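Notes follow once the structure below has been shown.
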Amino acid sequence: MMFPPKLKAGDEVRVIAPAKSFLPVFTAEMRSLAQEKLESFGLVVTFGDFVDEVDELLSATVEHRLSDLHNAFRDPNVKAILSVQGGSQSNQLLKLLDYELISANPKILCGMSDITALTNAIYKKTGIVTYSGPGFTLFKESATVEYTLEYFRKALFLEEPIVIESAPQYSDKRTIAEMRKNEGYWAMNPGESRGTIIGGNLITMNMLQGSEFMPDLSGCILFIEDNDKESNRAFANHLQAIINQPNFLGVQGLVIGRFQDGTQMSRELLEKILATKPELRHMPIVGNVDFGHTVPMITFPIGGKVALKVTSVASLEILTH
């Protein structure tokens, strides 16, 4: 396991699109707003050659996505790589990646949703810690971005442990203007544990099952989230699919990201779903954590260490990142 070097003012961040490219609805003004947020850290923002290429599946070609990714790792001036957004088909790149190139040039890779395939596969194949966090497009949001920026900075610029506090307000990404009071963590199952963080988007994680790209779950604390394209019933199915993995009994805890409205998930329903799964009864579980497809969101390290404690309340601290 290896941590890539932290960022500092003056470093170059390369924005690439391993899944969905920039779409016309993301205007030049929006791009400028997002870029300004990153530049407020003193970062220099550059873009891959093919971030605006869009085919019928809303992505660039496989060859062009690989080219941008490999060039970012190859370029000694680039210190971090940030995805445009999520999308689909980043798992199409996994067998084609030059893992020797990546291993020889360890640097920060950050993204969410479909980028879960890349972050977990690269960690599995190289041992380099990667990061689940906001894509470039999310930095344009003014109402919720301060919390997102705070945890992005803590994870990627600083070395000390990070106590994860709930955001005071949140918004469903589909209705970004509507801010709501955050009720805080859902303490779902008591216990205390430490482990290695594995996870991200649950359905994307499940796409890695049975492949050489699926990380070992033994000794991990699993971070999972689903978006509103999946119903509460689908979440129950996806959760069972990863529970059925041979080494799931080695999982030490479960951290569940906040659900979007479209999933029709409630705290009470989530409690019922978890109660039907005896494999979960021995581990601490917390829900309604600030990551997934709502905003704001934390940035967390795939391969880093975390401490989770759940009683009538829950606490979460990233120990190494």
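Any Cβ shown, glycine's included, is placed from N, Cα and C.
Whatever TrEMBL says is automated annotation, not expert-curated.
According to DSSP, Ser113 (active site, nucleophile) sits within a helical segment. Annotation source TrEMBL lists active site, nucleophile at Ser113.
TrEMBL lists Glu225 (among others) with the feature active site, charge relay system. In the three-state DSSP classification, Glu225 (active site, charge relay system) falls within a strand.
If you look up TrEMBL, you'll see His293 (among others) marked as active site, charge relay system.
Taken from TrEMBL, the feature domain 'LD-carboxypeptidase N-terminal' covers 13-133.
Look at TrEMBL and you will find 194-308 tagged as domain 'LD-carboxypeptidase C-terminal'.
In the structure shown, the C-beta of Glu225 has more C-beta neighbours within 10 angstroms than that of any other entry among the active-site residues Ser113, Glu225, His293. A coil conformation is recorded for His293 (active site, charge relay system) in the three-state DSSP classification, outside any helix or strand.
When the Cα atoms are compared, His293 (active site, charge relay system) and Ser113 (active site, nucleophile) turn out to be 8 Å apart.
Mapped onto DSSP classes, the domain 'LD-carboxypeptidase C-terminal' (194-308) shows 35 helix, 37 strand, 43 coil.
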